[in-house]
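Novice: Before I ask anything, let me first share the structure, which is written out below as structure tokens.
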Amino acid sequence: GLVVDGRTLSLIFQGGLEEKFLALARRCRSVLCCRSTPLHKSLVVRLVRGQLRVMTLAIGDGANDVSMIQAADVGIGISGQEGMQAVMASDFAISRFKHLKKLLLVHGHWCYARLAKMVIYFFYKNVSYVNLLFWYQFFCGFSGSTMIDYWQMIFFNLFFTSVPPLLFGVLDKDVSAETLLGLPELYKNGQ
């Protein structure tokens, strides 16, 4: 592990030692920045995001974490004694730090699986619809006439675009929450 305080971060960013700091941080399993200013927090997130080209997640519970949360790809605010500024600036809000595990492992896995299925669904829905119109143009001699009435087209798109996402969002859970919490490696298998 690596523990870096605010003074050291100031020296790193003012002295142009970002690459060396990042090389050292990559060798560690965890990096902890303590006693740092909001500017330092956001600079560390931007450095990691820009140099390593990875997705970043920032977690904060107070007003001093807002810039870090906004600099990250995904921000999580913890509502608590320090106010609601971090929650207001974040993408997701949790009430306690202990809920982070369930948010990432369970809801993250379910969201990833649902989105993957819905992308495939929309792709095939549109391919079938466009194929139908494409082959009809051969039948009518490319006159530009429509095969389907305008209202039927709207109903088709509305029905097949709104109902399946609602059903998937409510009913689709490929693995139970208990299994996902017991086997965290299932999160990587989805990716």
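Going from the start of the chain as shown, residues are counted 1 onward.
Each Cβ is built from the backbone N, Cα and C atoms, and glycine gets one as well.
Look at TrEMBL and you will find 87-191 tagged as domain 'P-type ATPase C-terminal'. Residues or ranges marked as transmembrane segment in TrEMBL: 119-138, 150-171.
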Novice: Please average pLDDT over the domain 'P-type ATPase C-terminal' (87-191) for the predicted structure.
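Specialist: Mean per-residue confidence for the domain 'P-type ATPase C-terminal' (87-191): 85 out of 100.
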Novice: Which residues of the chain, 6 or more past the ends of the transmembrane segment (150-171), have a CB below 8 A from one of its CBs?
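Specialist: Distant contacts of the transmembrane segment (150-171): 114, 117-118, 121-122, 125, 129.
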